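> Encoded as structure tokens, here's the structure I'll be asking about.
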Amino acid sequence: MPTSFTVVPVKDGARKAKKGEEEDVDDNNVLKEEDVATGDGVPKENSPFINNTDNDKGNNMALFEDEIEINPMVSSLLNKLANYTNLTQGAQEHEEADNDEGPKKKEVKSPQMGTFMGVYLPCLQNILGVILFLRLTWIVGTAGILESLAIVGLCCSCTMLTAISMSAIATNGVVPAGGSYYMISRSLGPEFGGAVGLCFYLGTTFAGSMYILGTIEILLTYIVPKAAIFVAEKKEDEVNALLNNMRVYGTCCLALMSVVVFVGVKYVNKLALVFLACVILSILAIYAGVIKTIFEPPDFPVCMLGNRTLQNQNFDSCLKTEIIDNVTVTTQLWKLFCDGPELNATCNDYFLLNNVTEVQGIPGLRSRVISENMWSVYGPLGKLVDDTKLDSVDGGDSAQDKYLPYVVNDITTFFTLMVGIYFPSVTGIMAGSNRSGDLRDAQKSIPIGTILAIATTSFIYVTCVVLFGACIEGVLLRDKFGDAVKGNLVIGTLSWPSPWVIVIGSIFSCCGAGLQSLTGAPRLLQAIARDGIVPFLQVFGHGKANGEPTWALLLTAGICEIGILIASLDAVAPILSMFFLMCYLFVNLACALQTLLRTPNWRPRFKYYHWALSFLGMSLCLALMFICSWYYAIVAMAIATCIYKYIEYRGAEKEWGDGIRGLSLNAARYALIRLEEAPPHTKNWRPQLLVLLNLDSDQGVKHPRLLSLTTQLKAGKGLTIVGNVLEGTYLTKDAEARKAEQNIKSAMSEERTKGFCHVVVSSNLRDGVSHLIQSAGLGGMKHNTVLMAWPGTWRQANDPQSWKNFIETVRESTAANHALLVAKNVDSFPANLDRLGEGTIDVWWVVHDGGMLMLLPFLLRQHKVWRKCKMRIFTVAQMDDNSIQMKKDLQMFLYHLRLNAEVEVVEMVRLCMLEYITDESRNSIRRKNQGAAPSTTRSRPSSTAEDTQEDEVAQLIHDRNTASHATINDKAEAGPDRVHMTWTKDKLFMERNRNRECNANVAVRDLFNMKPNQSNVRRMHTAVKMNEVVVNKSQGAQLVLLNMPGPPRNRGGDENYMEFLEVLLEGLNRVLMVRGGGREVITIYS
């Protein structure tokens, strides 16, 4: 139902009635400058409030005055839309486009072409052509009337369904000049658009080859056969001679047409009506000839020897002998079958045994020949064209028949070949849409004109099939080149008043169609090149000063030459059929897709479409491709697929609001809803990563190798979200957030990391990371693993918030049941282009984490970087464990997991930490503690021995920790008293007293019997001993994976936790610490 709009003027005072409204608008519907200044032609009052020139626009809309600069008023918008126009095609388009660069744009005249001149006649000219005049009679004679009608019905139904889909697309908004390529690319996206556009370009180019070959065939066969350069001395060489002549003359004709297109394309467009007139006159001549056969059939006798058709070119009379002056003499026909003109000469046996008869080639509508032409007569190459209703006596050597003047099949005929040869005669339905820039109302003209043109041509083809079969003898129909009627064009023998009407009309039709193909194909290629979706074609977007596609014309001529070198019209026709069918298939797909997706912008004015019709047309196109030629269909689809993949990986990214994106959105929504139903099974579990990146002050990525590790771990599979947090508020940091997102995407592209980028602006880093961990992802596509880098400079950082944020991230990942991967020395990790040689990936499996430590090395070794590395698994045995049995059990476990790895069990003996304190160390510690305050000793008289031992332990751990990190802190060289002490004696006493029972006289507790979170001394000892073992075994490994201890429950020990991890990782180059997510991620079951 149409929507009504009412424009209500806002008055700012009493206004006088406006006189002469038409004076306010010029010829182009553009308001004059003075009218814009005054608004309605009435002089403004001299008031600073009303006549304010500084803020003139929107002075009546003060409420919206702040938005005028970015959001124009409705009147301004409508004014621009009213003056919108499409650039017309051809030289005029390029000239006007070039003038756009000048100081003042050249005014474009609005298009004036209507439905009849702009769509209907161009479609008629492109659809009716060479196949109608040169091959339709042969198709009817070979396939029979019934199968010919089936062929015509299939092909015309395909184009009619395609036209319905095209009409829906063409009426869904303004169609700029560009036609089918524009419609497909904007409906299906740049990948499909580029692939189908290039296929359409190749089809148009090979169509030019077909028209040129048709021109040369008419010229050499029916007009000037003596102009042939290659003349066959033997009958079996006639085919090769004809092909060579086609190649030579076709190349010359192509060069001539290319020059014409290069020099004067405007004259080609002006001659289009002349060529169309020739086609229409030829068709009228055919119908006039059919009507004439009712009263007076034309005299075109066909000479038959027995039931075999003879080539009537080298003899005048269809007689073996004739009587001249009462003397029996042999005829020229006799000399063709005998070795001399004598009556007693040796002749061909079949010639002697059978009589020569003449049959009327065109008996007329009343002859009832239609019943004989109903059925197909297919045959192999070299099969004689015969009439089975005539008597024939077999005799002679059939192998010699190919040297005798019989009419034979020049190719093997079958139904699918007929379809491939005929289909080009129904192409050309895009001619109207290609002229969309010239149409007064494209949305109205394209559907009406195209569908009427297809209906008209379908009627012409159906009636021609029936009338040819009803008027022409079958043997003459199967005579492709008219050899039986002295080399006349078969369809010309039926026409009235003369066969030359068809000959002249057909050669003009072929010339015009060839010129149109050479004009349209380069512009189509230029449009694709200027879109920038195929990088290597960009050179073909340039041309002459006026924009003529010179380079594209050269490439088109080169490809067209390939078709001419094939030289056979019957071989070229199926090639271009493939490319046109591919184009039509995707037009139907575009319409069906848009209809099923119900995108908000899909509102075509043409209402007589349905997705089922589009789907039927798409299926019919695909079926016809394989019916015509299955191997050509595979080649065409392979070419389109290669172009698609090339544009996908190398082409420029374009966002055209295409249907494929809408299909992807619907598919993603459906998949997300399905994923939401249940968590993934263990067999389907893979790390879905949330990568926490750090940026520098310029919003650049600090650790790009973290993205490299992501790529190597994921290999493009599963979900990857790269996140970052900016401190501040979004209103002030939006520009920085966009810059950071762009930089991260660039880094992801360089590292070939496929995934999504998510930049969050938060008041502090701690909350921002928490938001990412909680809310990143959507539905079932949420991350299950967090990947981050180890904060290597946490000691040097003046702000302790850096390592506190790290520990909080560990806690929140654990609380969210996410796995955690922490990479130390991530900048030393290999890049994606590196190839590690012999080496190992060492896994230290201390506690069970759900199998993450087993799964990660397997995933890494799928990538080329780590493929040559071997996997080693180390596990730790306690005093009560049987290390031999543990090794056997672990090997069996790995066997069931289908993992190849070396297994080693490391025994860590539970020794008292005090045993590692030598006498020299004890004396050194005692000397350092001699200056301790006496009050401390007096306050604990009952625990002097205990305190002395624990002092020694704490001081030894502190000294080892200080020595191990002396290279990090430059101040360590000055002595222990100048080092920042994380673990001190006082902290030991505080920790001990916090957990001590009320009775102060309790004996010294065994440090190793305390809970882990109650004894930092024990944790430090474990870290030291574990580090010694790992460094001893895995210092030369390419990568070390080990369990990451959990943070303390009491946040007061966070700094100690960082020290423990630092000691644990000391001396190792590449380390990946792993914490499981609380679920099994690997299974032994299939």
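Every residue gets a Cβ built from N, Cα and C, even glycine.
Predicted automatically and left uncurated, TrEMBL annotations should be read as such.
Pulled the feature table from TrEMBL, pasting it below:
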REGION    1-54  region 'Disordered'
COMPBIAS  12-21  compositional bias 'Basic and acidic residues'
TRANSMEM  114-136  transmembrane segment
DOMAIN    119-296  domain 'Amino acid permease/ SLC12A'
TRANSMEM  148-171  transmembrane segment
TRANSMEM  192-213  transmembrane segment
TRANSMEM  246-265  transmembrane segment
TRANSMEM  272-295  transmembrane segment
DOMAIN    407-690  domain 'Amino acid permease/ SLC12A'
TRANSMEM  411-431  transmembrane segment
TRANSMEM  451-477  transmembrane segment
TRANSMEM  497-515  transmembrane segment
TRANSMEM  551-569  transmembrane segment
TRANSMEM  575-597  transmembrane segment
TRANSMEM  609-633  transmembrane segment
DOMAIN    704-822  domain 'SLC12A transporter C-terminal'
DOMAIN    836-1086  domain 'SLC12A transporter C-terminal'
REGION    926-951  region 'Disordered'
COMPBIAS  932-945  compositional bias 'Low complexity'
> For the transmembrane segment (497-515), what are the same-chain contacts with Cβ under 8 Å, counting residues 6+ beyond its ends?
125-126, 128-130, 133-134, 207-208, 211-212, 214-215, 218-219, 222-223, 253, 257, 260-261, 268, 271-272, 274-276, 278-279, 281-282, 285-286, 288, 488-489, 491
> Return yes if the transmembrane segment (411-431) and the transmembrane segment (551-569) have at least 3 CB pairs under 8 Å (sequence gap of 6 or more), otherwise no.
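Counting Cβ pairs under 8 Å (6 or more apart in sequence), the transmembrane segment (411-431) does not reach the transmembrane segment (551-569), since there are fewer than 3.
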> Out of 192-213, 246-265, 272-295, which stretch has the largest tally of CB pairs under 8 angstroms to the transmembrane segment (114-136)?
272-295
> By Cβ distance under 8 Å, which residues at least 6 away from the ends of the transmembrane segment (246-265) in the same chain are close to it?
90-91, 208-209, 212-213, 215-217, 219-220, 229-230, 511, 514-515, 518-519, 522, 548, 550, 553, 557, 560-561, 564-565, 567-568
> For the domain 'SLC12A transporter C-terminal' (704-822), how many residues does DSSP put in helix, in strand and in coil?
57 helix, 26 strand, 36 coil
> As a test of reading the model: what is the averaged pLDDT for the domain 'SLC12A transporter C-terminal' (836-1086)?
66
> Same-chain Cβ contacts of the transmembrane segment (272-295) under 8 Å, 6 or more residues past its ends?
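The answer is 121-122, 124-125, 128-129, 132-133, 362-366, 460, 464, 467, 471, 491, 494-497, 501-502, 504-506, 508-509, 511-513, 516.
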